[in-house]
Amino acid sequence: MVTARETRRNGSRPSGLKKWRQKLDGILLPLAGILGFLIIWQIFSSSGATRLPGPLSLFTEERTRELLLYPFLDRGGLDKGLFWQTIASLTRVAQGFSIAAIIGISVGILVGLNRQLNAMLDPLFQFLRMIAPLAWVPIALVAFQQNQPAAIFVIFITAVWPILINTAEGVRQIPQDYNNVARVLRMSKSKYLMKVVLPAALPYIFTGLRIAIGLSWLAIIAAEIVMSGIVGIGFFIWDAYQQNYVSDIILAVIYIGAVGLLLDRFVAWLQRWILRNM
(Lines of atoms letter the chains of each structure in order from A and count residues from 1; the text may use other names and numbers.)
(Lines give C-alpha, C1' and ligand atoms only; values in the text may rest on other atoms or scores of the structure.)
Protein backbone atom coordinates (compact mmCIF):
# COMPACT_ATOMS: atom_id res chain seq x y z
CA MET A 1 0.00 0.00 0.00
CA VAL A 2 1.39 3.38 -1.04
CA THR A 3 1.28 5.96 1.72
CA ALA A 4 0.58 9.66 1.23
CA ARG A 5 4.14 10.44 2.35
CA GLU A 6 5.59 8.20 -0.39
CA THR A 7 3.29 9.81 -2.94
CA ARG A 8 4.49 13.27 -1.96
CA ARG A 9 8.11 12.07 -2.00
CA ASN A 10 7.76 10.53 -5.45
CA GLY A 11 5.92 13.57 -6.68
CA SER A 12 8.77 15.82 -5.63
CA ARG A 13 11.38 13.94 -7.65
CA PRO A 14 10.39 15.18 -11.11
CA SER A 15 10.40 18.78 -9.89
CA GLY A 16 13.90 18.28 -8.46
CA LEU A 17 15.11 16.75 -11.71
CA LYS A 18 13.45 19.57 -13.61
CA LYS A 19 15.32 22.17 -11.56
CA TRP A 20 18.65 20.44 -12.21
CA ARG A 21 17.81 20.21 -15.90
CA GLN A 22 17.01 23.93 -15.98
CA LYS A 23 20.33 24.71 -14.28
CA LEU A 24 22.23 22.54 -16.76
CA ASP A 25 20.38 24.17 -19.65
CA GLY A 26 21.35 27.56 -18.26
CA ILE A 27 25.01 26.52 -18.47
CA LEU A 28 25.14 24.16 -21.45
CA LEU A 29 22.98 26.14 -23.88
CA PRO A 30 25.10 29.33 -23.70
CA LEU A 31 28.27 27.20 -24.00
CA ALA A 32 26.80 25.43 -27.02
CA GLY A 33 26.00 28.79 -28.62
CA ILE A 34 29.54 30.08 -28.03
CA LEU A 35 31.09 26.83 -29.29
CA GLY A 36 28.91 26.89 -32.40
CA PHE A 37 29.92 30.49 -33.11
CA LEU A 38 33.63 29.63 -32.73
CA ILE A 39 33.33 26.60 -35.04
CA ILE A 40 31.57 28.64 -37.74
CA TRP A 41 34.16 31.40 -37.37
CA GLN A 42 37.04 28.90 -37.71
CA ILE A 43 35.47 27.26 -40.78
CA PHE A 44 34.86 30.64 -42.38
CA SER A 45 38.46 31.69 -41.68
CA SER A 46 39.98 28.41 -42.89
CA SER A 47 38.02 28.59 -46.16
CA GLY A 48 40.05 31.63 -47.22
CA ALA A 49 36.96 33.81 -47.56
CA THR A 50 38.53 36.38 -45.23
CA ARG A 51 41.95 37.38 -43.92
CA LEU A 52 40.59 37.47 -40.39
CA PRO A 53 42.31 34.73 -38.34
CA GLY A 54 40.19 32.08 -36.68
CA PRO A 55 40.01 31.46 -32.93
CA LEU A 56 42.70 28.77 -33.19
CA SER A 57 45.18 31.50 -34.10
CA LEU A 58 45.23 32.43 -30.40
CA PHE A 59 47.19 29.21 -29.86
CA THR A 60 49.03 28.82 -33.17
CA GLU A 61 50.51 32.34 -33.37
CA GLU A 62 53.61 32.44 -31.15
CA ARG A 63 53.27 36.09 -30.11
CA THR A 64 49.55 35.75 -29.31
CA ARG A 65 50.13 32.50 -27.44
CA GLU A 66 52.72 34.27 -25.29
CA LEU A 67 50.23 37.04 -24.50
CA LEU A 68 47.60 34.43 -23.64
CA LEU A 69 49.86 32.35 -21.39
CA TYR A 70 51.81 35.21 -19.78
CA PRO A 71 49.35 38.05 -19.06
CA PHE A 72 51.57 39.38 -16.23
CA LEU A 73 54.57 39.92 -18.51
CA ASP A 74 56.22 43.32 -18.00
CA ARG A 75 59.27 44.33 -20.03
CA GLY A 76 58.94 47.99 -19.08
CA GLY A 77 57.51 50.95 -20.95
CA LEU A 78 54.56 50.06 -23.17
CA ASP A 79 55.64 46.42 -23.56
CA LYS A 80 53.36 44.83 -20.96
CA GLY A 81 51.07 41.83 -20.79
CA LEU A 82 47.32 42.16 -21.22
CA PHE A 83 46.71 42.00 -17.47
CA TRP A 84 48.66 45.23 -16.93
CA GLN A 85 47.13 46.84 -20.01
CA THR A 86 43.66 46.03 -18.67
CA ILE A 87 44.51 47.24 -15.14
CA ALA A 88 45.74 50.57 -16.55
CA SER A 89 42.46 51.05 -18.42
CA LEU A 90 40.38 49.97 -15.41
CA THR A 91 42.22 52.45 -13.18
CA ARG A 92 41.19 55.30 -15.48
CA VAL A 93 37.63 53.96 -15.60
CA ALA A 94 37.48 53.76 -11.79
CA GLN A 95 38.60 57.38 -11.44
CA GLY A 96 36.32 58.83 -14.12
CA PHE A 97 33.34 56.68 -13.12
CA SER A 98 33.68 57.58 -9.42
CA ILE A 99 33.66 61.29 -10.20
CA ALA A 100 30.68 60.81 -12.52
CA ALA A 101 28.77 58.84 -9.85
CA ILE A 102 29.33 61.47 -7.15
CA ILE A 103 28.40 64.42 -9.37
CA GLY A 104 25.65 62.59 -11.26
CA ILE A 105 23.81 61.40 -8.15
CA SER A 106 24.19 64.73 -6.33
CA VAL A 107 23.04 66.90 -9.24
CA GLY A 108 20.36 64.37 -10.17
CA ILE A 109 18.81 64.62 -6.70
CA LEU A 110 18.87 68.43 -6.82
CA VAL A 111 17.29 68.51 -10.28
CA GLY A 112 14.72 65.88 -9.32
CA LEU A 113 13.61 67.84 -6.25
CA ASN A 114 13.47 71.24 -7.96
CA ARG A 115 11.17 71.55 -10.97
CA GLN A 116 12.42 74.99 -11.96
CA LEU A 117 16.04 73.81 -11.89
CA ASN A 118 15.06 70.80 -13.97
CA ALA A 119 13.30 73.00 -16.55
CA MET A 120 16.38 75.21 -16.77
CA LEU A 121 19.05 72.49 -17.03
CA ASP A 122 17.35 69.55 -18.75
CA PRO A 123 17.82 70.91 -22.32
CA LEU A 124 21.54 71.39 -21.61
CA PHE A 125 21.86 67.86 -20.23
CA GLN A 126 20.06 66.37 -23.22
CA PHE A 127 22.28 68.34 -25.60
CA LEU A 128 25.55 67.32 -23.94
CA ARG A 129 24.67 63.65 -23.59
CA MET A 130 24.21 63.37 -27.36
CA ILE A 131 27.88 64.19 -28.02
CA ALA A 132 29.89 61.06 -28.83
CA PRO A 133 32.77 60.21 -26.46
CA LEU A 134 35.36 60.44 -29.24
CA ALA A 135 34.29 64.02 -29.97
CA TRP A 136 35.40 64.96 -26.46
CA VAL A 137 38.92 63.53 -26.89
CA PRO A 138 40.51 66.46 -28.81
CA ILE A 139 38.73 68.96 -26.54
CA ALA A 140 40.03 67.15 -23.45
CA LEU A 141 43.58 66.98 -24.86
CA VAL A 142 43.55 70.72 -25.58
CA ALA A 143 42.12 71.51 -22.14
CA PHE A 144 44.36 69.25 -20.03
CA GLN A 145 47.45 68.92 -22.25
CA GLN A 146 48.08 65.39 -20.89
CA ASN A 147 46.71 61.99 -21.82
CA GLN A 148 45.88 60.74 -18.32
CA PRO A 149 43.59 63.58 -17.12
CA ALA A 150 42.12 63.86 -20.62
CA ALA A 151 41.17 60.17 -20.59
CA ILE A 152 39.60 60.48 -17.14
CA PHE A 153 37.58 63.50 -18.30
CA VAL A 154 36.30 61.60 -21.35
CA ILE A 155 35.10 58.79 -19.07
CA PHE A 156 33.46 61.27 -16.71
CA ILE A 157 31.64 63.22 -19.43
CA THR A 158 30.41 59.95 -20.96
CA ALA A 159 29.25 58.33 -17.73
CA VAL A 160 27.70 61.25 -15.87
CA TRP A 161 24.57 61.71 -18.03
CA PRO A 162 22.85 58.32 -17.57
CA ILE A 163 23.54 58.53 -13.82
CA LEU A 164 22.25 62.09 -13.52
CA ILE A 165 19.16 61.62 -15.70
CA ASN A 166 18.12 58.31 -14.10
CA THR A 167 18.66 59.69 -10.59
CA ALA A 168 16.52 62.75 -11.35
CA GLU A 169 13.79 60.54 -12.80
CA GLY A 170 13.89 58.29 -9.73
CA VAL A 171 13.47 61.28 -7.42
CA ARG A 172 10.54 62.59 -9.47
CA GLN A 173 8.85 59.16 -9.25
CA ILE A 174 8.78 59.13 -5.43
CA PRO A 175 5.13 58.45 -4.44
CA GLN A 176 3.34 61.49 -3.07
CA ASP A 177 2.31 59.46 -0.01
CA TYR A 178 5.97 59.26 1.02
CA ASN A 179 6.29 63.04 0.82
CA ASN A 180 3.08 63.51 2.80
CA VAL A 181 4.34 61.21 5.58
CA ALA A 182 7.64 63.12 5.67
CA ARG A 183 5.75 66.40 6.12
CA VAL A 184 3.55 64.96 8.86
CA LEU A 185 6.62 63.66 10.71
CA ARG A 186 8.38 67.00 10.10
CA MET A 187 11.53 65.31 8.90
CA SER A 188 14.65 67.43 8.54
CA LYS A 189 16.07 67.83 5.04
CA SER A 190 18.95 65.48 5.76
CA LYS A 191 16.66 62.82 7.25
CA TYR A 192 14.21 63.20 4.34
CA LEU A 193 17.09 62.70 1.93
CA MET A 194 18.46 59.59 3.68
CA LYS A 195 15.16 57.97 4.70
CA VAL A 196 12.90 58.79 1.75
CA VAL A 197 14.69 60.11 -1.34
CA LEU A 198 17.68 57.76 -1.58
CA PRO A 199 15.85 54.47 -0.80
CA ALA A 200 13.01 55.31 -3.21
CA ALA A 201 15.31 56.43 -6.02
CA LEU A 202 17.92 53.69 -5.56
CA PRO A 203 16.64 51.34 -8.32
CA TYR A 204 16.78 54.24 -10.81
CA ILE A 205 20.23 55.25 -9.57
CA PHE A 206 21.59 51.75 -10.12
CA THR A 207 20.03 51.59 -13.56
CA GLY A 208 22.03 54.70 -14.41
CA LEU A 209 25.17 53.24 -12.83
CA ARG A 210 24.90 50.01 -14.86
CA ILE A 211 24.48 51.94 -18.09
CA ALA A 212 27.32 54.29 -17.13
CA ILE A 213 29.85 51.57 -16.28
CA GLY A 214 29.36 50.00 -19.70
CA LEU A 215 29.68 53.35 -21.45
CA SER A 216 32.79 54.15 -19.39
CA TRP A 217 34.49 50.96 -20.51
CA LEU A 218 33.59 51.63 -24.15
CA ALA A 219 34.76 55.23 -23.87
CA ILE A 220 38.20 54.47 -22.44
CA ILE A 221 38.91 51.88 -25.14
CA ALA A 222 37.99 54.39 -27.84
CA ALA A 223 39.92 57.21 -26.15
CA GLU A 224 43.08 55.12 -25.72
CA ILE A 225 43.03 54.17 -29.39
CA VAL A 226 43.19 57.86 -30.29
CA MET A 227 45.68 58.82 -27.55
CA SER A 228 49.23 57.67 -28.23
CA GLY A 229 51.96 56.44 -25.94
CA ILE A 230 49.92 55.30 -22.93
CA VAL A 231 49.59 51.89 -21.33
CA GLY A 232 46.05 50.64 -21.86
CA ILE A 233 44.17 47.98 -23.74
CA GLY A 234 42.81 50.50 -26.26
CA PHE A 235 46.29 51.68 -27.26
CA PHE A 236 47.41 48.02 -27.28
CA ILE A 237 44.78 47.29 -29.95
CA TRP A 238 45.83 50.26 -32.06
CA ASP A 239 49.52 49.35 -31.77
CA ALA A 240 48.77 45.72 -32.74
CA TYR A 241 46.78 46.94 -35.75
CA GLN A 242 49.66 49.16 -36.87
CA GLN A 243 51.97 46.13 -36.77
CA ASN A 244 49.39 43.79 -38.35
CA TYR A 245 49.12 41.52 -35.28
CA VAL A 246 45.47 40.65 -35.90
CA SER A 247 45.45 37.67 -33.53
CA ASP A 248 46.60 39.98 -30.73
CA ILE A 249 43.64 42.25 -31.47
CA ILE A 250 41.22 39.31 -31.25
CA LEU A 251 42.66 38.32 -27.87
CA ALA A 252 42.37 41.91 -26.61
CA VAL A 253 38.75 42.08 -27.80
CA ILE A 254 38.00 38.94 -25.76
CA TYR A 255 39.54 40.65 -22.72
CA ILE A 256 37.40 43.75 -23.35
CA GLY A 257 34.17 41.75 -23.58
CA ALA A 258 34.96 39.67 -20.49
CA VAL A 259 35.90 42.69 -18.37
CA GLY A 260 32.81 44.61 -19.52
CA LEU A 261 30.60 41.67 -18.54
CA LEU A 262 32.27 41.42 -15.12
CA LEU A 263 31.83 45.16 -14.51
CA ASP A 264 28.12 44.95 -15.30
CA ARG A 265 27.66 41.89 -13.07
CA PHE A 266 29.54 43.60 -10.24
CA VAL A 267 27.25 46.65 -10.30
CA ALA A 268 24.19 44.36 -10.45
CA TRP A 269 25.50 42.38 -7.44
CA LEU A 270 26.22 45.61 -5.56
CA GLN A 271 22.64 46.76 -6.18
CA ARG A 272 21.20 43.50 -4.80
CA TRP A 273 23.51 43.62 -1.78
CA ILE A 274 22.65 47.23 -0.90
CA LEU A 275 18.89 46.74 -1.36
CA ARG A 276 19.02 43.57 0.75
CA ASN A 277 20.84 45.31 3.61
CA MET A 278 18.86 48.56 3.68
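Positions of Cβ are set from backbone N, Cα and C atoms, glycine also.
The domain 'ABC transmembrane type-1' annotation in Swiss-Prot covers 86-267. The transmembrane segment annotation in Swiss-Prot covers 24-44, 93-113, 124-144, 151-171, 196-216, 217-237, 249-269 and is backed by sequence analysis.
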- Query: Among 93-113, 151-171, 196-216, 217-237, 249-269, which stretch has the highest count of C-beta pairs below 8 Å with the transmembrane segment (124-144)?
  - Reply: 151-171
- Query: Of the listed stretches (24-44, 93-113, 196-216, 217-237, 249-269), which one yields the highest count of Cβ-Cβ distances below 8 Å with the transmembrane segment (151-171)?
  - Reply: 93-113
- Same-chain residues at least 6 beyond the ends of the transmembrane segment (249-269) with a Cβ under 8 Å from one of its Cβ atoms are 53, 55, 57-58, 64, 67-68, 82, 85-86, 90, 93, 206, 209-210, 213-214, 217-218, 221, 233, 236-237, 240-241
